[in-house]
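The next block holds one structure in the form of C-alpha cells; read it before the comments.
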Amino acid sequence: MKTLKERINTEWIFFDGALGTMLQKKGLAAGQCPEMWNLDHPEILIEIHKAYLEAGAHIINANTFGANRCKVENVKEVVTAGISLAKQAVQESHRQDAYVALDIGPTGKLLAPMGDLDFEEAVSIFAEMVRAGVKAGADLVLIETMSDSYEAKAALLAAKENCDLPVFITFIFDENHRLLSGGSVQSVIPMCEGLKADAVGINCGLGPAQMLPIVKEIVQISSLPVIVNPNAGLPRQLGNQTVYDLSDDEFAFWMKEIAALGVQGVGGCCGTTPSTIKTMIQTIRNCPFQPIAPKKMTWVTSYSQAVQIGPKPVVIGERINPTGKKRLKEALRNQEYEYILSQALEQEIAGAHILDVNVGLPEIDEPSMMKEMICQIQSVTACPLQIDTGNIEALEQALRIYNGRPMVNSVNGKLESMESVFPLIQKYGAVVVGLCLDEEGIPEQAEQRVEIAKKIYHKAEEYGIPSKDIVIDGLAMTISSSSQAGVVALETIDQISRELNGYTILGVSNISFGLPQREIINSHFLSMALTKGLSCAIINPNSEDMMKSYRSYLALQALDPQCKGYIEAYGSVPTQKFTDSSENMTLKQAIQAGLKGRAEQLTLELLNQKDPLEIVDAELIPALDQVGKEYESGILFLPQLLMSAEAAKLSFSAIKEKMPQDNKVAKGRIVLATVQGDIHDIGKNIVKVLLENYGYDVIDLGKDVAPEQIVSCVKNENISLVGLSALMTTTVVNMEKTIRLLHEQAPHVKIMVGGAVLNPEYAKMIHADHYAPDAMGSVRYADQVFLKGQGE
Ligand code: B1M
C-alpha cells in the first residue's frame, strides 16, 4: 500500500472541514477552550470526526490546534486524548484509507524581535506537542493557519526533529497575497521546501474564490504537493453568530476551479461542515488529477522578500565583511551594532538584493556574534542574507535562527568541507556557494575549476541537494599578482553557465587587489563577467561605478523593460532615505529605519538644540506617520512597524527625561487609557508625560482597557477628568461604549478624547466633552476643567 507521502502526489487527498464551527454548533461557548472538549465531551468529537469520514475525507484533524503550553496546562493529556478520539472514529468507520493528523496551530504569541517569544522556546513548545502526538499514534503532522514565517519555521523544525511522519504546512494569506508578518508565496514556499515539509498550502482567512489567485501563485512556485483548505466564503455577523456566505454547491464549484489549477489536497476551514466536504468530494473525485511537477527555481528569501537566482543577475552587498575594513573590525570588537546595521541599510538602499554577513575576526566568538548579527540585521531590513563563514558552529546557529531561506558562503571541493557543510544545507535548506578549490588548492585552468564544480554538484546530490541550489564561485584572484586571473575566472563562469547550465558567483572586487583606483578595474570586470553569464555579483553596491555597470548591463541585455530601473536611478537626482551616509541620518530617518540606538543617540543630540515637544512634533510623529502610510500601502510589514515603534519609544524616553517638571501640588487627578482592543499607546504615553509635567496627577490604566475597568476606577478614585485614546477605526466603537458607560454611571466626569483616527466632529458624535488634537491640547483642556472649572 502506498504511503501518505506517495499518495498525496498520485491521487486526490481530501481533508476534513471546520472543527471549531462544529463544536460551536454543539454548544462550545465563546471564550471556552475547544481542546478541553477532548476530555469533557469525547463523544461529540467522535461524532464530528465520523461525520467527516462519512463525507469521504481522508485526513481527519484531531482537536489539537491550540493544545500548546501557551494555551493549555496539560499538553500531553489533551493531545493524547485528541489523537485517540480521531483514531477511534477512523476505526469505528472502518476506513483503511484515512489518516489522523496532529493539528498544530500558532502559539498566539509573537516571536522576538516582533514579540517576546524566543525562537528556541517556540521550537520547544511545538516539539512538546509533536512528541505527544507521535506517542498517541498520529499519522501525520498538519501545521496550519500560520501567519508568520518565523513561527512556521519553528513548528517545521520541531516536527522534523521529533518525528518521521509526513509534515504538511498551510498558511493564512490575506487578499494582498501576504502573511500578517509580510511573507509572500515566493518567500514562504521555498523556505518550507528547504525545511523538508512534505506538502504546503493555504487555509483559513479567505473563501475559495478569493484564494484562487493565491493558489495559482503557489502552484507555479511549489515543487511540493499543494493543499487548499478555504473558509466557506467570507464571514458575516448575524446577531451574535458568524455565518459564511457560500452554500455547499457554491463552495464545491469554486473548489473544482481550484482543483483544476493542479493542487493535490483539498478540504475546508471555518464555516465548512461535513455536508460542505461531501459535496466538494463528490464534485472533485472524478476530475483529472495532476501531480505537482518539480520546479527549476532557486530562491533566497527573508521573512518577506524573495530573490530569484537566474532570471537576472543578483547584487550581493559585500560591506559587512571585516576583511580590510578597519571601522567594521572596530564595530565588531566593540559590539557597535548600530554601525553594522547602518551598513546593512545603506547597501539595501543602494540596490543590493542580498547582503553578505561575515563577522569572522580571530578575537571574536564567531558563533554567538553571527547569531546576534543575523537577528539584528533581520530586525531592520527585509533583504535576504548570505551567511558567510567557515566556522561550522556559526553556520549552524545562523541557519537555525535565520527567518527565511538564506544563501550560504561557502562549501568547497575538499571532502572535509562538503561533509561538514552539506548536512546542514540538507537539514535547513539554503542556496550554497561552491568554491572551485579542493585539497590540491586553486587550479590555474578553468577546465580544472569546472571539474571541481562537477565534484561539488555530485557530492551535493548524495545529500539530496539539487544542483539548482548550488552557485559556483569561479574565484576572482588578483590580476596584480597573476595576469591570467581575470581570464581564468571569466572562462570558468562561461563554462559553468553554458556547459553545465549552472549558476555562478564572483567576489568581484578581489580582482583589483593591490591596484590603484580599483573601481575602474572592478566595474569593467563586472560588465565582462555579466556578459559571460554571471548569476550573482558580490560587490560594493555603494559604489556608483559598480552600480552603473550593473544597471547598464540590465538595460542593454533587455533585462530592464523600458529601462525603468535605469531611469529611476539616473533620470533625476535620486531621492535617498539617508542624505549621503548614515552618519548624516536624521532622527526621523532613524525611527523609520527602526534603528533604536541611533534614534536614542540622535534624540539626545537634538535635545541640546530643540524644545522636547518640537522634537516630538517635527521628528517622532512624522516618522511614525510615514511608517504607517508605508505599512498601509504594503511597502512595509508588521515587523518593520514594530521596530519603528520601538525606536520611537526609546526616543521618547530620552525626551521625557528632559521635559521641565512642575513640582507644585497636583492641579488635579486624571485617568488615562487606550481603549479596549487597541494596543497603540505611544500617543497616550506622550499625553501622560505632558500632563504630569504640567502638574497633573495621572492614573494610567494602560492600553486595551475594558470600559468597565475605566468606569470602576473613575468611581473608586472620584475622578473628574478622563482621557481616552484610540488609533483604529475598529476600536473607536469601544471608545463610544466607554463614554456611554461613563455617562450612565459617572455623569459628573468630563471626557476628553484623542488619537489619530479621531476628529472634532466624530468626538462630538460619540458624546465626548472634548477632542484634543495633540498632547498640548490635553493640557489646555485639563487647565480649563481644573483651573477654570469650565469643561465644554
Ligand atoms: Co498600528 N495601526 N497596528 N501599530 N500603527 C495604525 C494606527 C494604522 C493607522 C496604520 C495604517 O495602516 N496606516 C492602522 C489602523 C488602521 C485602522 O484604523 N483600522 C494600524 C494597524 C492596522 C495595526 C495592526 C492591526 C497591525 C496588525 O497587527 N496587522 C496592529 C493593531 C493591534 C491592536 O491595536 N489591536 C498594530 C500594531 C502596531 C504596533 C504594535 C506595531 C505599533 C504600536 C506600538 C505602540 O503604540 N506601543 C503601531 C504603530 C506605531 C502604528 C502607527 C504607525 C503609529 C501610531 C503612533 O504611535 N503614532 C499608526 C499609523 C499612524 O497613526 N500614522 C498605526 C505617533 C503618536 C504620537 O501619535 O497616537 O496619534 P498618536 O498621538 C498623538 C495625537 O493623536 C494625540 O496626542 C499624541 C501626541 O501628539 N493623542 C491624544 C493621542 N491620544 C490622545 C489622547 C488624548 C489627547 C490627545 O486625550 C486623552
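In case you wondered, yes, glycine gets a Cβ from its N, Cα and C as well.
Because the structure is a prediction, the values reported are computed rather than measured.
The Zn(2+) site recorded in TrEMBL includes Cys269, Cys270, and the single candidate from Cys204, Cys287 that the record places there is Cys204. In this model, the domain 'Pterin-binding' (313-560) carries an average pLDDT of 97. Ranking the binding-site residues Cys204, Cys269, Cys270 by the number of CB atoms within 10 A of their own CB puts Cys269 at the top. Sequence-ordered, the extra residues of this chain that approach the Zn(2+) site, with Cβ no more than 8 Å from the Cβ center of Cys204, Cys269, Cys270, are Ala18, Thr145, Ile172, Asn203, Gly205, Asn229, Pro230, Asn231, Gly268, Gly271, Thr272.
The 6 Å Cβ screen around ligand 1 retains nothing from the binding-site residues Cys204, Cys269, Cys270. Counted with DSSP, the domain 'B12-binding' (667-792) comes out as 54 helix, 26 strand, 46 coil. Cys204 (Zn(2+) binding site) carries neither a helix nor a strand DSSP state and counts as coil.
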